[in-house]
Ligand SMILES: NC(=O)c1ccc[n+]([C@@H]2O[C@H](COP(=O)([O-])OP(=O)(O)OC[C@H]3O[C@@H](n4cnc5c(N)ncnc54)[C@H](O)[C@@H]3O)[C@@H](O)[C@H]2O)c1
Ligand SMILES: O=c1ccn([C@@H]2O[C@H](COP(=O)(O)OP(=O)(O)O[C@H]3O[C@H](CO)[C@@H](O)[C@H](O)[C@H]3O)[C@@H](O)[C@H]2O)c(=O)[nH]1
């Protein structure tokens, strides 16, 4: 196999965009073309305002765009030109049909694979970058092989992506590991090496792991399930802390100091969000059910159940504290993205909480530094809750600062851990002055110094802590 000279990435989303932009940034000898069927998304990638917010992304894109990095809607042309193609399309949870609510919808992966089979005029390495159920590569292979000829051969690799949003560029530049799975045939191993050489431009050899295809596919689901499991574990403990006077930060710290456990992913919260954790765990649950392993399925499913419980528990606590009713009360929600440093709102805990507040007839004022009005309105529109965008606009006020949201509010709820909401950055005395009294503050991110805010007059309620515990 000669060195890869031209890469096409199908799917210009949160993964395809940053991942392939970094490849172009680190491999000036490779032409990288990122394509998408969504012309608005491609136009944004080619504009001054990139379609996603990610620290450091703009510098990487601006450094290489128009040189060896291109964004295009010409999917067929880019496929034909490439020696290696990343398939980085969305794989959402199925909404209907067999496996609805659990299984991954592989329609986009299949359609991209069929397109490759249809238009390729030379041999290609096809790389499964999307997160998919174990053995999806087999289906892709079947489609591609049905279109192979003496002259055109396809190799399939699995190369799951482990970047986290908000730190994507750092994660891509300094990955803990790169995982490449291949069929253990001479051609498969050659293709695996060709992709390893691409990453080898900036990733140390020891950090590039090579496995068989199925291990690679399963490792991606397993890693996400285990990460989310830690959050559900600490969130389950947060309920015990609130009932006993233990402090969840102290418990997490004490546990995390055990080097066998480690300190990361033990931050109690209002519940994990994001496009991946829930989807990928449900995917694993479905896979286990299909393999007739009901105990295994139930085990992983509990991670998602616990996450839903945590969100509901938080809402119940707010209502109870506000004297058992929030009807007509003004609730200021600070943060709408699923975590800080991203404008992504997919599966954000904020959406669940706010829908519950609306159902309780509260007035909700929302502020997030990176999420725009249109996105918030779209996320909150749901048949049966608030049917239309106009109705959403009646229930919620979208604000341009935390101060505006908190003005005349009965409660402030911290949902996303943006740095600007920390008590050394936001003027909480000013917030307090503008609020109805008693002024309640619910910290779903263990972000603020509660004793300090209590001294200002706030009634503070923090996940996993009680006032009686002293340090809460
Ligand atoms: N978002 C993350 O942080 C993250 C991290 C690791 C892995 N993943 C996985 O990566 C995959 C992509 O996720 P994402 O967040 O980038 O999704 P996304 O929705 O942001 O982007 C996917 C893009 O693919 C395009 N697309 C779909 N079908 C196409 C086709 N046939 N031809 C051309 N373009 C097509 C869509 O228009 C969309 O722009 C998913 O499987 C996801 O689970 C996501
Ligand atoms: O201790 C923690 C850590 C995270 N979270 C929350 O968990 C969610 C997910 O956070 P994070 O994992 O940092 O972001 P993602 O972008 O969803 O990244 C995850 O999902 C990606 C998609 O598969 C993987 O590539 C990443 O490795 C994996 O971390 C967010 O709501 C966080 O606020 C907590 O509540 N407590």
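Even glycines carry a Cβ here, placed using N, Cα and C.
No curator has checked TrEMBL annotations; they are predicted automatically.
What TrEMBL says about this protein:
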type	residues	note
ACT_SITE	276	active site, nucleophile
BINDING	11-16, 36, 41, 89-93, 130-131, 165, 276-279, 346	NAD(+) binding site
BINDING	161-165, 220-224, 260, 267-273, 338-339, 445	substrate binding site
DOMAIN	332-450	domain 'UDP-glucose/GDP-mannose dehydrogenase C-terminal'
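Here the CA atom of residue 161 (substrate binding site) lies 14 Å from the CA atom of residue 11 (NAD(+) binding site). Ligand 2 lies within reach of 224, 276 from the recorded positions 224, 276, 278, judged by a C-beta closer than 6 angstroms to any of its atoms.
Residue with the densest Cβ environment among the binding-site residues 164, 221: 221, by other Cβ atoms within 10 Å.
Proximity to ligand 1 at the level of Cβ atoms, with a cut-off under 6 angstroms, picks out 11, 14, 276 from the recorded positions 11, 14, 271, 276, 338.
Residues of the domain 'UDP-glucose/GDP-mannose dehydrogenase C-terminal' (332-450) grouped by DSSP class, helix first, strand second and coil last, total 42 helix, 21 strand, 56 coil. Mapped onto three states, the DSSP output places residue 278 (NAD(+) binding site) in helix. The Cβ of residue 278 (NAD(+) binding site) lies under 8 Å from the Cβ of 93, 228, 272, 304, 307, 347, each of which sits 6+ residues away along the same chain. Looking only at the recorded positions 36, 90, 276, the one with its C-alpha closest to residue 268 (substrate binding site) is 276. A Cα-Cα distance of 16 Å separates residue 271 (substrate binding site) from residue 165 (NAD(+) binding site). Note: the Cα of residue 276 (active site, nucleophile) and the Cα of residue 36 (NAD(+) binding site) are spaced 20 Å from each other. When the binding-site residues 14, 36, 90 are ranked by how far their Cα is from the Cα of residue 164 (substrate binding site), 14 comes first.
On the backbone, the CA of residue 14 (NAD(+) binding site) and the CA of residue 224 (substrate binding site) stand 17 Å apart. Rounded to a whole value, the Cα-Cα separation of residue 338 (substrate binding site) and residue 90 (NAD(+) binding site) is 18 Å. Long-range Cβ proximity for residue 36 (NAD(+) binding site), meaning a same-chain Cβ under 8 A and a gap of 6 or more residues, is found for 10, 11, 12, 13, 16, 42, 71, 73, 75.
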